[in-house]
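Provided herewith is a single structure, encoded as structure tokens, for subsequent inquiry.
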Amino acid sequence: MTMSLEVFEKLEAKVQQAIDTITLLQMEIEELKEKNNSLSQEVQNAQHQREELERENNHLKEQQNGWQERLQALLGRMEEV
């Protein structure tokens, strides 16, 4: 009788340990999900910022080209004089 009680107590302890481990892992999974969501949001924000910077860069390049064309035209006129 005491042998089976001992085995039962060991089994109960192992089951409790497994439950505790599962609970901790579930908590860790939730934390990782939250971190993943946060990082996904940061990636999205970074992509939007990059797109905005690319648009601004293209606009500035267009302006630079416009100024270069004007400068070339002015230099051409000066050579004529």
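Just so you know, glycine gets a Cβ as well, placed from its N, Cα and C.
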According to Swiss-Prot, which residue out of Lys10, Lys14 bears the annotation N6-acetyllysine?
Lys10
Cβ under 8 Å to the compositional bias 'Polar residues' (37-47), counting only same-chain residues 6 or more beyond its ends: which ones?
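No residues contact the compositional bias 'Polar residues' (37-47) from elsewhere in the chain.
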Counting each residue once, how many in the compositional bias 'Polar residues' (37-47) are helix, strand and coil under DSSP?
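Output for the compositional bias 'Polar residues' (37-47) reads 11 helix, 0 strand, 0 coil.
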